[in-house]
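Student: Sequence annotations record features per position, and here TrEMBL assigns domain 'PDEase' to 166-487. The AMP binding site annotation in TrEMBL covers H242, N243, F244, R245, H246, D283, D392, Q443. Here TrEMBL flags H242 as active site, proton donor. For H246, H282, D283, D392, the entry in TrEMBL reads Zn(2+) 1 binding site. Sequence annotations record features per position, and here TrEMBL assigns Zn(2+) 2 binding site to D283.
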Amino acid sequence: MGSASSAYRIIYLDVDGRIQKVVFSHCCSPCDIKELFCTAVGLPRSTTFSLLDASGAMVSIDPTMPSNSERSPYKVVPLSGGQLPDKEELFQNVLTQVAEQFSRAFKINELKAEVTNRLAMLEKRVELEGIKVVEIEKCRSDIKKLREEMTSRNSSSCLDDKKLTPHRDVPSYPKYHLSKETIDTLRQPIFDVWQWEPNEMLSCLEHMYHDLGLVRDFNINPITLKRWLLCIHDNYRNNPFHNFRHCFCVAQMMYSMIYLCNLQEKFTQIDILILMTAAVCHDLDHPGYNNTYQINARTELAVRYNDISPLENHHCAVAFQIFSQPDCNIFSNFDAEAFKQIRQGTITLILATDMARHGEILDSFKQKLETFDFTNEEHVTCLKMVLIKCCDISNEVRPMEVAEPWVDCLLEEYFMQSDREKAEGLPVAPFMDRDKVTKPTAQIGFIKFVLIPMFETVMKLFPQIEEAMLQPLRESRDRYEELKQIDEAMNEVQKKKSENLSMGGQKK
């Protein structure tokens, strides 16, 4: 890893007679160092300047620049007119982007107009011409195909618009100083995820990577980490449930389990890095409609991934598209073999979050429990898959006031899907149908038959989770069963009232 002195460089600057100390990593780029100096002396980031030593000689600005002392600080001298080219270039870039957006919008509008005209012609033909039944059915089939084509093309245009680089630069992402109480609670399942704004959640995620030693041990550029987290935030959609706050929830629960189960004593640091990164990326660009809808509606994602975990494959693809951007690649200091290990590990964990594979993964883990070996790579991989599954569906582990709003969010997303499925003539799952499901009925079966059995299995390896995770699940199950009984009693009363009113009307 090298010594601290070789890993970091200290430079002293003269800021209007005051000495300003600046510390940066040797892996920072000259551009990052210049921006850091501008920030230190209160200049705009794009300012062009010279760095002079005590004798007036110019000093090269790069990671290997000579260190100085408080007695011989460097002086930052702005160059007049130096900012103009940068501003012109920035203005030109903005104009180019605006032009591209207008061009894309016009193309989409032209496509919509063309498809709408074709639909209108076909529908008019069906309505007015009185053609044979076979021909009518053919026209309806053509209309359906055109609608699917329009949906598919609109979906494609959205993918073209995905922001694979953060729309804000790092200095506008404020660094929050977390209190000791926040830092302590962040390591526990009781953490209240509803009390934090997006920028605060980004700061918490950044803290987790530092606190677990990942930034230090893998020489991750702190500025690159900030940019990556910004890009992650920008590539989660504003769905009722599958949004950036859910991403934060899953990552925070994984962080809690790492401490609660003392995983850093049993796993390698690369395993910890894979667990955290997979948790952060596991639902990237989720459209708000699950795999069943994707497959039944024959969406572009289902066709692309041959109906095999289309959403989870898409989350993986978006994650590594982001990593392919140099400014967001937190793995840039890894050699090819190490990166291959991290990529494969991350993909394996994200694909494990497909609930269609729940029974398969849990059964495999149960078979390994009695002879579980932390030195066995296959055993450890299976455990990591179960851990990310636990974190992904762990809301009911949290206190009631934190967990219950998530149920409302999930049902809202379910109802959006079932409404669309009804409109498109697709099968509707009963647990998603607003006319058939209630909050208690939605949760009781899931807690009893999915959550509790899975956490009880994990408890055999980590007994310490019983009080912090299993007990809240049992209490949540009991509470929803009581609510169900209350609902049934109220329905029975309402039913009797209706019957009495009906009988009274018949007597009259």
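The backbone N, Cα and C atoms fix where each Cβ goes, glycine too.
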Student: If I take the alpha carbons of H282 (Zn(2+) 1 binding site) and D392 (AMP binding site), what is the distance between them in whole Å?
Tutor: 9
Student: Find, for the listed binding-site residues N243, Q443, the residue with the lowest Cβ contact count at a 10 Å cut-off, counting only other Cβ atoms.
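Tutor: Lowest Cβ count within 10 Å among the binding-site residues (N243, Q443) is N243.
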Student: Counting Cβ atoms within 10 Å across all protein chains shown, which of the binding-site residues D283, D392 comes out on top?
Tutor: D283
Student: In the structure shown, which of the binding-site residues H242, R245, H246, H282 has the fewest other Cβ atoms within 10 Å?
Tutor: R245
Student: For the AMP binding residues given in the record (H242, N243, F244, R245, H246, D283, D392, Q443), what is the largest pairwise C-alpha separation in angstrom?
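Tutor: If we measure all Cα pairs in H242, N243, F244, R245, H246, D283, D392, Q443, the largest is 23 Å.
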Student: Would you mind listing, in sequence order, the residues at least six apart from F244 (AMP binding site) in the same chain with a Cβ closer than 8 Å to its Cβ?
Tutor: P198, M201, I232, H233, Y236
Student: Around the Zn(2+) 1 site recorded as H246, H282, D283, D392, what other same-chain residues have a C-beta within 8 angstroms of the site's C-beta center?
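Tutor: Those within range, site residues removed, are H242, C247, C249, V250, A279, H286, T353.
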